[in-house]
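Engineer: Take a look at the following structure, please.
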Amino acid sequence: MRRKFVAGNWKMNGSANSIRELLQGIREGAAEVAAVELAVFPSFVYLGLVEQQLSDSSVGWGAQNLSEHASGAHTGEVAGSMLQDFHCDYVIVGHSERRTLYGETDEIVARKFATARKIGLKPILCVGETLQEREQGVTEAVVERQIKAVLDLEGISGFADAVIAYEPVWAIGTGRTATAGQAQEVHAFIRAKLAQLDSALASQVCILYGGSMKAANAAELLAMPDIDGGLIGGASLEAKEFLAIAKAGC
Ligand code: 13P
């Protein structure tokens, strides 16, 4: 039985004060949704604050990105080992905003995934199609290509401790959520693709949905057999809303 996982991707939002307040709210409500794993993903600069506030709680944390390199002359980049200094459990790789705004290719994302795993950070691999790709009927081909880049580098065992987040680009920050049926279809496709290589691993792998997920639509999405949780953007910036999404998964 896969445990539900609700993760808050804060993106480039928050301040030290707002984060303290948000974390206090999440901590206060976490016990009520203990059946669900919770984690938050602040900007790098707030990882120390988040660690300080959450280290004695059941809520985990991670970063939104990492460098594919271990160290060296990469101005402005952050190495996985630095994330370990802040005891991150997870790191998001290949978010669509990284792919589209910062030119991260499937190959770069795969290398970041490998870098994270090599040092024991659990990668959350984001995949998903644009609206144009969905309308062209190539959703499955796009998602398969994005996953194949990781499989080519890491093999199926690379997914043993990893998480996949299906985030249709057209649903991110738009208020336009995929229907539960649309999301389930892609989640089942991903699981089936992995099952062709290792069915036991595929049945264990956690596949999150992301894209305008909120308390009002979470129950329907989380009731789907292959949707194991959510990667939440906007709605994770309010403790009450974030916890209500988790509650829907209990
Ligand atoms: P929204 O929930 O704001 O649509 O963002 C989803 C997302 O990109 C999470 O990584």
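From the backbone N, Cα and C atoms, a Cβ is placed for every residue, glycine too.
Below, the features straight out of TrEMBL:
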ACT_SITE  HIS95  active site, electrophile
ACT_SITE  GLU167  active site, proton acceptor
BINDING   ASN9, TRP10, LYS11, GLY173, SER212, GLY233, GLY234  substrate binding site
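Where in this structure would I find these features, and how exposed are they?
Structural biologist: Around HIS95 (active site, electrophile), taking its Cβ as the centre, 27 other Cβ atoms fall within 10 Å, counting all chains.
Remark: GLU167 (active site, proton acceptor) has HIS95, SER96, CYS126, VAL127, GLY128, TYR209, GLY210, GLY211, LEU231 as non-local neighbours, by Cβ distance under 8 Å and separation of at least 6 in sequence.
The number of other Cβ atoms within 10 Å of the Cβ belonging to LYS11 (substrate binding site), over all protein chains shown, comes to 18.
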Engineer: On the Cα atoms of ASN9, TRP10, LYS11, GLY173, SER212, GLY233, GLY234, which are listed as binding substrate, what is the maximum pairwise distance in Å?
Structural biologist: 14
Engineer: Among the binding-site residues ASN9, TRP10, GLY173, GLY233, GLY234, name every one whose Cβ is found under 6 angstroms from ligand 1, counting any of its atoms.
Structural biologist: ASN9, GLY173, GLY233, GLY234
Engineer: If you skip the near sequence neighbours and keep only those at least six away, which residues in the chain come within under 8 angstroms of SER212 (substrate binding site), Cβ to Cβ?
Structural biologist: ALA171, ILE172, GLY173, THR174, GLY175, ARG176, THR177, GLY233, GLY234
Engineer: GLY234 (substrate binding site) has how many other Cβ neighbours within 10 Å of its own Cβ?
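Structural biologist: If we count other Cβ atoms within 10 Å of GLY234 (substrate binding site), we arrive at 18.
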Engineer: Excluding ASN9, TRP10, LYS11, GLY173, SER212, GLY233, GLY234 themselves, which residues in that chain have a Cβ inside 8 Å of the centre of the Cβ atoms defining the substrate site?
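Structural biologist: Same chain, not in ASN9, TRP10, LYS11, GLY173, SER212, GLY233, GLY234, Cβ within 8 Å: ASN13, ILE172, ILE232, ALA235, SER236, LEU237.
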